[in-house]
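Enquirer: Structure incoming, see below.
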Amino acid sequence: MSTFEGVFVNDQWLQSQFTQVELRKLRTRFISARNEAGTVTIQDLPPVLAKLKPFNEVATQDDVNRMLTDSYSNLDKDLDFEAFLRVYLNLQSRASAKMGTSKTFRTTSSFVKSSATTLRHSISETEKASYVSHINNYLGEDKFLKQFLPLDPATNALFDLAKDGVLLCKLINIAVPGTIDERAINTKKLLNPWERNENHTLCLNSAKAIGCTVVNIGTQDLAEGRPHLLLGLISQIIKIQLLSYVDLKKTPELAAMVEDSKEAEELMGLAPEKVLLKWMNFQLKKAGYKKEVTNFSSDLKDGEAYAHLLNVLAPEHGTTKTLETKDPTERANLILEQAEKLDCKRYVTSKDIVEGSTNLNLAFVAQIFQHRNGLTIDKTKSSFAEMITDDESTSREERCFRMWINSLGVETHVNNVWEDVRNGWVLLEVLDKLAPGSVMWKQATKPPIKMPFRKVENCNQVIRIGKELNFSLVNVAGADIVSGNKKLIIAFLWQLMRFSMLQLLKNLRTHGQGKEITDADILQWANMKVKQSGKTQMESFKDKRLSNGIFFLELLSAVDKRVVNWGLVTKGENEEDKKLNATYIISVARKLGCSIFLLPEDILEVNPKMILILTASIMYWSLLQKAKTEEEDRPPAEEEVVEGNAAMEEAASEDGVNQEKEETVENDNE
């Protein structure tokens, strides 16, 4: 009986978009596309892709060729297997759009639903100019970048500068300070391809760690300076920076907008941009403005909402002239003049307001909020702000799990773990991603859910699947998740994350033989690796000696000798030196290719959960390199057997799992 070796790629997100059946089939197609030179280029792909779903349903070979020509300027570029998969995903999203359906393909639902700024292939010159201005303002005095700044928005200098990866790494640190240890960034005027790739790998893994969607963006895309992808990523980073204060923890005055604890809970679960709209309407109501602002585009085009907002927030600069003006462009100019008096940066031009630029209007409103939110909180509502106060450790874990879930590419975006998991739906999506076929979608209810018992049904199924996966869930019921029991939610999410990592390692270690990987295996592997070149060992994932970081630096050095600069490492003898090592460890691991979401404090305090995941992530990367080498050395003749078996597997599963979710009861409107 034939056994299958796993097909693996370096990017964990990319790996998660496909089943092994699909990866084997695509790898076979990739190899079949090789030209006489033994390589695969974009121009070799049309006859191969045209035979695959969904292209064969909606496009001819000529259509595929046109889509490739529209998407890629260099058709002679050599592709490796990962690049081929990204091309496949890119075209699949376009084929989905062509079908004009809300249903997405199972393996790429997260890609299709990703933000428009990432998907579009034309760029907005006004957005580019705004982002260039932001970069010049915030990074103009950077020790390394100031030699290249200010950038000229009329040129492609932004895209050229981004090709080395330094700019994006620095921008991430402006958005969320301390995310990247800048000692790990390769900074010099002329970088070799290896150093550039390290910077881009560090950038993408760090971007995921702060909440960016980096779907369909690879290191090669950044190295080539592809404008639409770069602007999409830069837009997300800047958005995270500008919306960082639209949060009850950082701005407790937001509690002034709620009347009771139920409304406070709802506010906690809203995305920052939704909170910003709620704030804007709260202030406009004070000003007597009758319309509701529901978006940052068409509802702001006439400028009336802006005029009322600025008048109520800054009455000392208030004027009736803005509203009396009939010409929208003239009104927009007056709005910008009034905003300047509040020291708000000009993210928009009058043209952007009149044309309804969503991204730039959002940035402008966020700046107004940051400079003057006009909120005051009285004692009667201060308790609402205190509702969301977690201890530091719990808050860190919520952030870690939130970023991890969002990185998986599930359809639902999590804004607040405690609120967003309570209806069970997003947990079912995660379980379906990690254990395909485990969810009975016909018995699930998709939000919005009006009937409480439907939430309990969803969560009961979550618990059932957890038990089938051998999670420790003694005396835990779906109602515990619905009620928002933080302790139990953390315990469940931790077991989910651990299961995900162990499954990846299981596939790598055994090539499909089925041997389970245990925590002890990970511990033994790490000690064995370090023993070969280092001096330290760890007794367990609770070993307090790990707080100085030396063991993990030796482990990283053992899997890649050149990745650690030992001249930057401290002895870790005091808290300050330990923290320096901890921040360096995280950035070096991400630079290597590990997708991790812990913070330096998790290493300093030796949080055993996060220590295990960090170790397992390094192990996964190390073993993946070996698996990829074996994959590359595999004789092409074996592909015929793989393709035949993959086709049989696909046929057996296609009529079942793929269709079940489509028949789900999507809304509970009864």
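First residue shown is number 1, and so on along the chain.
Positions of Cβ are set from backbone N, Cα and C atoms, glycine also.
Quick paste from TrEMBL:
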type	residues	note
DOMAIN	125-242	domain 'Calponin-homology (CH)'
DOMAIN	270-373	domain 'Calponin-homology (CH)'
DOMAIN	395-501	domain 'Calponin-homology (CH)'
DOMAIN	516-623	domain 'Calponin-homology (CH)'
REGION	629-670	region 'Disordered'
Enquirer: Averaged over the domain 'Calponin-homology (CH)' (270-373), what pLDDT does the predicted model reach?
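Expert: Taking every residue of the domain 'Calponin-homology (CH)' (270-373) together, the mean pLDDT is 92.
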Enquirer: Count the residues of the domain 'Calponin-homology (CH)' (395-501) that DSSP assigns to helix (H, G, I), to strand (E, B) and to coil, and report the three numbers in that order.
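Expert: Per DSSP, the residues of the domain 'Calponin-homology (CH)' (395-501) fall into 68 helix, 2 strand, 37 coil.
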Enquirer: Provide the three-state DSSP residue tally for the domain 'Calponin-homology (CH)' (270-373): helix first, then strand, then coil.
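Expert: Per DSSP, the residues of the domain 'Calponin-homology (CH)' (270-373) fall into 68 helix, 0 strand, 36 coil.
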Enquirer: DSSP-wise, what's the residue breakdown of the domain 'Calponin-homology (CH)' (516-623) into helix, strand and coil?
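Expert: DSSP composition of the domain 'Calponin-homology (CH)' (516-623): 72 helix, 0 strand, 36 coil.
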Enquirer: Which residue counts does DSSP yield for the domain 'Calponin-homology (CH)' (125-242) in the helix, strand and coil classes, in that order?
Expert: 75 helix, 0 strand, 43 coil
